[in-house]
Ligand code: GDP
């Protein structure tokens, strides 16, 4: 699961990316934090893991992770190939969701590519490039479908849909804001892999002073919120510069630093958690003396497939899952205690795994 960080030059993408990978790497002790200079594997903050790890006195605690990709270089004209634009757009096509960083801070030392801070204009500049790029994809698809549609009803239906999407994009709107009416339409749009159909989180990068009230007194942030609301997208207020400083601190220092700012958790932690949610992901947990670990699955995953995340043999030989909710387990004080109270359930192949399930899989080898 990958998220791409996009935005105009000089809005704070690299600063955010660096603090994400740094914070993720340190808190998780993750060995392969950087695969590639532009790709970072980031731990998903999860208090449950620490508590469960203490409960079992596990030797190792391993968090769930997601990947962030720093997609620099998107500028006006990118879809026309300007500044290696097409390459960057191709990178965005490979991600599952987008974090769009928007500059909401004033700083005369940091040049703005368009001369002034104007969040709405910036968002529209980037989104327009995404729209242009999608229009190209649609046109190619339409050309192909038109040929087939002459004697194929199914293709004729798709062609009508393609026209509808094209008209929508031509109004300067993102595909994600389209009202889709049928299963077919959902299937079609999913198959085009449009940039403007990917879920987006807007990260409003504010100055330090605007952090305390979550950007509510900042007119720039309000612009972003108004825009995002129309798209049903979430907005997160961060200060990339502060996040970079926080990422350098150890846990105790970090806590004090955040308290001084009047915050409970860092903007990065909130952003990572929100990204995880946005991708429709949840974690189930396995725990024992050797290791307590969070495993990532999509909402709706059934027990055998969840087992398969651990090992393909677990899925193939799946018999049943012994499941207890993490909070129930901690409340009972021991596994035996949870079992006595009937809180440890035996679940079969059709069981849909829930966030926070602690699972022991039974399987044949
Ligand atoms: P990118 O081009 O979007 O990757 O932007 P960078 O992360 O390289 O940031 C561009 C410049 O803006 C750098 O000099 C950063 O130090 C500065 N910068 C980034 N975030 C902030 C912020 O929250 N406040 C201020 N004042 N400067 C920032």
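Heads up, the Cβ atoms here are built off N, Cα and C, so glycines get one too.
Just so you know, TrEMBL annotations never went through curation; they're auto-generated.
Annotated in TrEMBL:
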type	residues	note
BINDING	10, 11, 12, 13, 14, 15	ATP binding site
DOMAIN	1-258	domain 'OBG-type G'
DOMAIN	280-363	domain 'TGS'
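The 10 Å shell around the Cβ of residue 15 (ATP binding site) contains 18 further Cβ atoms across the protein chains shown. Per-site Cβ counts within 10 Å over the binding-site residues 10, 14 peak at 14.
Across the domain 'TGS' (280-363), the DSSP tally of helix, strand and coil residues reads 26 helix, 35 strand, 23 coil. Sequence-distant neighbours of residue 13 (ATP binding site) (same chain, 6+ residues apart, CB-CB distance under 8 A): 5, 6, 7, 70, 71, 72, 101. Taken residue by residue with DSSP, residue 11 (ATP binding site) is part of neither helix nor strand, so it is coil. Other residues of the same chain near the ATP site, with their Cβ within 8 Å of the Cβ centroid of 10, 11, 12, 13, 14, 15, are 7, 9, 16, 101, 103, 205, 240. Around residue 11 (ATP binding site), a 10 Å sphere centred on its CB holds 27 further CB atoms from the protein chains shown. Mean model confidence for the domain 'OBG-type G' (1-258) is a pLDDT of 88. In the structure as shown, the Cβ atom of residue 12 (ATP binding site) sits within 10 Å of 25 other Cβ atoms.
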